[in-house]
């Protein structure tokens, strides 16, 4: 949880873009502080695991889901950061990786990460965080998908919004 890419690595990779509105920043900060406290408190004070938990299928599958989600998230963000060459302006359709299947590939990666985390932890708090992530990023992915469809006549019609082959 503490090694989360979006919080520790991504801010150093993004290029100069539109400034984030202060209110949006404040809401995100408050959510992250509260969620971090909730996850940390849950795992350090209440969750109890057998000594061989790291060999349990829930932990192994959850950890692999988290790792796969993080890899998809990092790769998708790399694709998005490199859509334009230096000096270019305008918008382009993302290609490659999970963008071949969904408009919100980076969102899909993050959703997969936190459902993997929830499975590995098996706590109500981690599941609540995964569901919040699904609803918030699913909504953003839908907005992005609709924008792509309106902006580009040649946008791939077979691409789903955020969950490959499903939605």
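Each Cβ is built from the backbone N, Cα and C atoms, and glycine gets one as well.
What you see is a predicted model, and the numbers here were worked out from it, not measured in a lab.
Feature annotations, courtesy of TrEMBL:
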- 19-167: domain '3-oxo-5-alpha-steroid 4-dehydrogenase C-terminal' (DOMAIN)
- 20-37: transmembrane segment (TRANSMEM)
- 58-76: transmembrane segment (TRANSMEM)
- 114-137: transmembrane segment (TRANSMEM)
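Per-residue confidence over the domain '3-oxo-5-alpha-steroid 4-dehydrogenase C-terminal' (19-167) averages 93 (mean pLDDT, predicted model). Listed as Cβ neighbours of the transmembrane segment (114-137) (distance under 8 Å, sequence separation of 6 or more from its ends, same chain) are residues 1, 35, 38-39, 42-43, 46-47, 58-59, 61-69, 104, 107, 162. According to DSSP, the secondary structure content of the domain '3-oxo-5-alpha-steroid 4-dehydrogenase C-terminal' (19-167) in residues is 102 helix, 2 strand, 45 coil.
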